[in-house]
Amino acid sequence: MAWTKYQLFLAGLMLVTGSINTLSAKWADNFVAEGCRGSKEHSFQHPFLQAVGMFLGEFSCLAAFYLLRCRATGQSDSSVDPQQPFNPLLFLPPALCDMTGTSLMYVALNMTSASSFQMLRGAVIIFTGLFSVAFLGRRLVLSQWLGILATIAGLVVVGLADLLSKQDSQHKLSEVITGDLLIIMAQIIVAIQMVLEEKFVYKHNVHPLRAVGTEGLFGFVILSLLLVPMYYIPAGSFSGNPRGTLEDALDAFCQVGRQPLIAVALLGNISSIAFFNFAGISVTKELSATTRMVLDSLRTVVIWALSLALGWEAFHALQILGFLILLIGTALYNGLHRPLLGRLSRGRPLAEESEQERLLGGTRTPINDAS
């Protein structure tokens with residue numbers, strides 16, 4: 001079936017905003033500016049403040065939900081029914097996981113390239129599959145186990161490419177290794193978030209925009225409050241600010257004042273995450289979850305290509321191999337091979353059932369598939 005103009009627009013919006021989300025965060029990290037109290041020029045390394053901005057973008061989805069609900073008043077659209085009962089505190093545990101995982105990933109983004117960051121996020125499949133078996137009682141089929149093994153192999157190849165190509169770059173080898181490990185750790189937390197959403201949130205049939213916005217509200221409020229103690233907690237070598245603390249929000253604002261383009265990068269990150277969540281939800285509804293997965297893989301290609309074009313990283317052939325293996329692993333885990341094999345053997349259309357499965361049993365992504 002041919003896509004409508006609206007569906008093409010949604011697919012393009014998801015691809016563009018998803019790419020902007022990671023690239024704008026990395027762009028902000030690349031800026032160098034003076035801080036407060038006449039401190040010397042230093043890199044803009046404020047991962048926790050960037051995470052606050054990301055949650056602000058998610059929080060805006062709550063406003064979008066209420067706008068849609070007002071528009072649906074008097075119409076037959078039950079997807080934004082104001083009578084849907086749920087306890088907002090159900091979103092607190094997954095929001096805490098999202099807050100921790102996102103903060104770790106922004107820290108890691110300071111240490112490694114944008115393309116490696118995006119590729120290594122594919123590790124979430126491994127932990128999601130294992131946790132779904134352990135805590136949700138699911139049984140993975142052979143293709144899903146093969147997908148997990150392929151993902152592990154792909155991660156090894158991408159990690160090897162990092163070790164071979166980053167020794168002469170702006171990042172030290174120790175930083176690259178630490179950053180890659182932090183990304184993997186973050187995916188464990190994201191997988192826990194997905195299991196919690198599956199077990200406690202999805203059964204209440206909450207509108208996705210409302211779910212994203214509520215988690216964004218919790219994350220924004222909690223992490224904003226945590227910026228105060230972070231201002232005083234020493235962080236040693238992990239700190240990127242002159243005071244050597246875990247986060248120095250005042251230093252970040254001083255750097256933004258001296259280099260306004262940082263504000264452009266931060267606003268790009270905040271706005272892109274809001275539109276990316278909206279587009280992702282709409283693509284799943286209008287097209288399929290499988291299409292969303294394919295677009296997310298294309299996002300990795302776009303980020304990698306632009307990073308190379310902008311000179312942010314050097315080309316390494318092993319990254320191509322690693323990405324292809326990761327793509328195969330994702331396809332196997334999500335069952336993308338089944339409709340393709342069905343077409344080849346029977347010549348019938350793609351099976352709709354496989355597109356309706358959730359990622360824990362097929363193709364579900366986390367409520368707020370951030371950055």
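Cβ from N, Cα, C; glycine included.
Nobody curates TrEMBL annotations by hand; they come from automatic prediction.
Keep in mind that what you see is a predicted model, and the values were worked out from it rather than measured.
Taken from TrEMBL as is:
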type     : residues : note
REGION   : 352-371  : region 'Disordered'
SIGNAL   : 1-18     : signal peptide
TRANSMEM : 48-68    : transmembrane segment
TRANSMEM : 120-138  : transmembrane segment
TRANSMEM : 145-164  : transmembrane segment
TRANSMEM : 176-196  : transmembrane segment
TRANSMEM : 216-233  : transmembrane segment
TRANSMEM : 261-281  : transmembrane segment
TRANSMEM : 318-336  : transmembrane segment
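Most Cβ pairs within less than 8 Å of the transmembrane segment (176-196), among stretches 120-138, 145-164, 261-281, 318-336, belong to 120-138. Tallying C-beta pairs under 8 angstroms between the transmembrane segment (145-164) and each of 48-68, 120-138, 216-233, 261-281, 318-336 places 318-336 first. Panel annotation: around the transmembrane segment (120-138), residues 105, 144-145, 147-148, 151-152, 154-155, 158-159, 180, 183-184, 187-188, 190-192, 194-195, 198-199, 326, 329-330, 333, 359-361 of the same chain, lying at least six beyond its termini, place a Cβ under 8 Å from a Cβ of the stretch.
Long-range Cβ contacts of the transmembrane segment (48-68) within its own chain (Cβ-Cβ under 8 Å, at least 6 residues beyond either end) map to 25, 28, 80, 99, 102-103, 106, 207, 209-210, 212-217, 219-220, 223-224, 226-227, 230, 246-247, 249, 252, 266, 269-274, 277-278, 368, 370-371.
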